[in-house]
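Peer 1: Before we start, here is the structure in question, set down as structure tokens.
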Amino acid sequence: MSLLALATLLLSAALPSIASPYWTELSPANRDLFKRGSSTCGTGGVLSCTNTTAQNTCCFESPGGHLLQVQFWDTNPSTGPTNSWTIHGLWPDHCDETFDQFCDESRQYTDISGVRFFPSDFYRSYPLQILTAAGATDTLNFMNEFWKDQGGDDETFWEHEWGKHGTCMSTLVPSCLPKGSAAKAEAVDFFNTVVRLFQGLPTFTFLSSQGITPSSTATFTLSQLTSALKKASGFTPGLDCTSGVLNQITWYHELRGSVIDGTFVQIDAPQAGSCPSTGIKYPPKTGTTSTPPSGPSSTTTTGSSPTGPPGSLPTKSTLSIFQSGSSSKTGGLLTAGTWSTQTPATYTISGSTSSLTLSTSKGKCQVSGGSLTCGSSVTTASTFSAVTSGSQLLIAFGGSTSFSSDGVPSGTVQETVFTGTGHSKAFSIIVDAA
């Protein structure tokens, strides 16, 4: 009997729930253990770092009220796709930029992915490990591509980020979760949220949309980089360099509600990173390209298609809203660029799918401070693009088709439209030819 067969026999006797030495498919019941998290906190409430009086820390992130979504640009060695930054983590810094770490020894989980090396040269999946058991395969698959360790040990990297930072988030303390939550559900919520935030912050496309791409010869000033990022995203991040080489970016947020399902409100970086003012290098990676992160709804939309073949750009169109997880459209954009369930406005679309502007009867449309506005006060229209997804044509900004708002409108209520998925209600904007 071979070593592998013997090991399999022994382990099968010890763990009868494991039916195969390789991938073990979860039962439908197990897949439903971790549905999208809900904190019961809502998306309103007090914004973190804005109140010093006592709060319910299950619904008010404290003391780590600044939530930092940190990304890597690794080139030596290269990690991740050549056309995307990769995830470093999500850190709960105090409002004065100090921080806690490794806050709960009992929750230093070491079984994030459900994949362990056993025996030599064979990977085996165990159905009770965190993301695998949760049925969070979309999150795990995304992490396998966009959350990479330079040394190749992704699992240990994820364990470190959860143990060092995730355990310090007050809204993820297990006693704060809804009654009946599965064990370790807070870790699943942590990884889901990190991925969701990263998808709404496509740094590579933000820079490339402003003409800044990796180069073996060019150098950039700090002002060039931060100005480009602010123009594309509406906010100024922190940039870090090693020996003049750009290798990390930090996007700052404050939070209303829980890390699980609260509203992340982007802010400008309260402190500069380590990059010099001039001579910054942004070298290319080696490897392969990938579909850049662009939000959870960018490839799953269905419904009626615009007039003409897929990808054709009309000059007049209504812009409909398709919410993440929904099977139908929910209203559209009015003349001021707000989301409403009233009759949507007709937009004028000028340009091509790769570079277009929008306007309404009120005036030009612009993204400013991360939100969409159309009106006579807008002097310079923002540049958008249109991305084909199946039979649909989706509006994109900075390369991302992800937009969000603080709520779903009803009746005469209108909601502000924000770029990215930093607010509680994520959606795509669909071109419906008028």
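Cβ from N, Cα, C; glycine included.
Keep in mind that TrEMBL annotations are predicted by a computer and have not been checked by a curator.
The active site feature in TrEMBL is assigned to His88, Glu161, His165. Positions annotated as compositional bias 'Low complexity' by TrEMBL: 283-306. Marked as domain 'RNase T2-like C-terminal' by TrEMBL: 313-429. According to TrEMBL, the region 'Disordered' annotation covers 275-320. According to TrEMBL, the feature signal peptide maps to 1-19.
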Peer 1: Hey, which of the active-site residues His88, His165 is the loneliest by Cβ count within 10 Å?
Peer 2: His88
Peer 1: Round to a whole number and give the Cα-to-Cα distance in Å for the pair Glu161 (active site) and His88 (active site).
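Peer 2: Here the two Cα atoms are 8 Å apart.
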Peer 1: What does the structure give for the C-alpha distance between His88 (active site) and His165 (active site)? Integer Å is fine.
Peer 2: 11
Peer 1: Can you check how the pLDDT averages out over the domain 'RNase T2-like C-terminal' (313-429)?
Peer 2: 88
Peer 1: DSSP-wise, what's the residue breakdown of the domain 'RNase T2-like C-terminal' (313-429) into helix, strand and coil?
Peer 2: 0 helix, 63 strand, 54 coil
Peer 1: Taking the Cβ of Glu161 (active site) as the centre, count every other Cβ atom within 10 Å, in any protein chain shown.
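Peer 2: I count 21 other Cβ atoms within 10 Å of it.
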